[in-house]
Amino acid sequence: MCGIAGIYYFDSAARVEQPLLERMTSVISHRGPNGHGFFIDGQVGLGHRRLSVIDLDGGGQPMIDEPSRRVIVYNGEIFNYRELRETLKNGGTSFRTKSDTEVLLKLANPAVESWAHELNGMFAFALWDPRERSLLVMRDRFGVKPLYYVSTPEFFAFSSEIKSLLQIPGVRAEVNTDSVAEYLAFRHVLEPSTFLKGVQQLPGGHYIHITPGSRGVQIKRWWSETEALARFRASGAADASLLDMLSSSVSYRLVSDVPLGTFNSGGVDSSLITREVRNHKVGELHTFSVGFSEQSHDESKYAQEVAGKLGTIHHAEYISVDQYAESLPKAIWHNDEPLCHPHSVHLMHLCGIASKYVTVALTGEGADELFAGYPRLRIPLYSNAAGPLGPWVGRLASSTARGLGMRRLRKLFDAMSGDVDVRIDSHRFIDRDDLDALKPRVSYVGSREALRSGIPANQPFLEQLLEYERRSYMQSLVVRLDKMAMAHGLEARTPFLDYRMVLWSKTRPASEKVGSGWANKPTLKAECARTFSHELVYRPKVGFGVPLTVWFRQQPAFRSMLDDMSGDKSIVSNLFPRDVIRRLVSEHTSSKADHTEALWVLLNIHLWQNAIAQPAASH
């Protein structure tokens, strides 16, 4: 796990200056505290910050392949690199290190895409070929490792984080107004867009190949889930059990030359991951959880149960409201964009305490998107099961709920609508009335409809819903995990997002994802119940709630932030009607209405404006 950055000038006579690469990598030094390096070849420059995880002495970057002179900078891990290395060695390839970086350097071939299908891992890399004068930039299947870029008529630049690209002269931290409405509604922006104008994400499963004569970039897909699923079924791998898949996925992610542990919240997903790590790992195992000082939001007893059952060394941290408020701007700075998840601050603290004991942590991200863990999926399933009657009932009930001022109920009934736009709209966090009052300049429906239309209609209805979640909400989860972990030089690994696990989940019937009584994740829970208590496994899904509603009303730190946000100098006042902002704050703080979701996104935009303009040293 590392940080990468680079620039390619389309004019072959141009020259990259090392001070630029130094600025681009210095601002992301938190990603790689163990070393740094640069490579310059006329019009191209590559920079790297290293977090040493595999082959601590021999895996430095940028890495040059002696026979071909090709150069790579790479962030991530190839978990099956040992198998791939042996295959290459048997074919006559020689190696000078024991790193996965060199395996990737030997394998990568812009002329074909099939080699990438052999990779089991999370990665973002750039490969420079001096003979062809070409640059290949690629991102893993599900976008677990981030990769941002800027493309102008003069240059193409890339990095693991947006703040690195802002070090390039002419690249400014300017709001992408086309993304504002989407962020307001959904608290994140779909790839390839970002919250900044001119900065893009390379979508997961895609690559860019720039060759001499290029005056721009063309994005190409290298991973087709449909084709991969066909190969997976044909291989017989779909016959494996959940335990087989989980054990294999975890086993691959234990490859490390440094200490590793797990995040253990006491939930089903992290409990299963921790159990499988313990089954494979002898000796000390450190586990970590974070909770609120307020008992009403603390479920740490379940994490303690897992730790006691498995014999782990458990570390629990508790966050106060003052710590949260103080850390919020820092979390936004590390995230590069306004936060989606209020509990990102807790995750950042969790990664901080974990980094004191381990360099690698396994987590449970992805399970909800694979196995229907979100309660919000139940309503559209009800509607679909009801046939033609479902959407009609949904429209009628939504209209009635709106008339009665029942916001949450209205949102649930919107999810039953037969209208695609209304159903997509039901995924928003913010109340529709608040969104309408803020009057964003651009509609967000277009990008969401484009995403939905790309999901094969011949899939089972539940699988279509889960595919939508994976392509939208899960994006924000994996990027958030990367940013908060790397804020402390910690590598986070996600066994549920092993591509084989994802494909296997798509072969499972709906009954293994939504059980009797519409219970979520029945198969995962049944497996978890083999080890842990009924109370731990079958308690209602709470999520990681943050009491923002109360904090916005009662806590001085947050009241001060809201006052600043309502002021004339805030970017929020330039983007939205000032009188509406002040009304939302007044109604909420006086308990006349609950505008928590609207205030959360507005406050994030305000704090982002301040955070992104500050130097790295202040964070």
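Any Cβ shown, glycine's included, is placed from N, Cα and C.
Around the Cβ of CYS2 (active site, for GATase activity), the number of neighbouring Cβ atoms within 10 Å comes to 30. The annotation active site, for GATase activity is assigned in TrEMBL to CYS2.
Feature annotation from TrEMBL assigns domain 'Glutamine amidotransferase type-2' to 2-213.
Summarising the annotation, TrEMBL assigns L-glutamine binding site to ASP100. Sequence-distant neighbours of ASP100 (L-glutamine binding site) (same chain, six or more apart, CB under 8 Å from its CB) are ILE54, ASP55, GLY59, GLU77, ILE78, TYR81, GLY121, listed in sequence order.
The ATP binding site feature in TrEMBL is assigned to VAL290. In the three-state DSSP classification, VAL290 (ATP binding site) falls within a strand.
Annotation for GLU365 (site 'Important for beta-aspartyl-AMP intermediate formation'): same-chain Cβ neighbours under 8 Å, separated by at least 6 residues, are ASP269, MET474, LEU477, VAL478, LEU481, THR494, PHE496, LEU497. The site 'Important for beta-aspartyl-AMP intermediate formation' annotation in TrEMBL covers GLU365.
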VAL290 (ATP binding site), number of other Cβ atoms within 10 Å: 26
VAL290 (ATP binding site) versus CYS2 (active site, for GATase activity) - Cα distance in angstrom: 25
Local confidence of the prediction over the domain 'Glutamine amidotransferase type-2' (2-213), expressed as mean pLDDT: 95
DSSP state at CYS2 (active site, for GATase activity), helix/strand/coil: strand
DSSP three-state assignment (helix, strand or coil) for ASP100 (L-glutamine binding site): helix
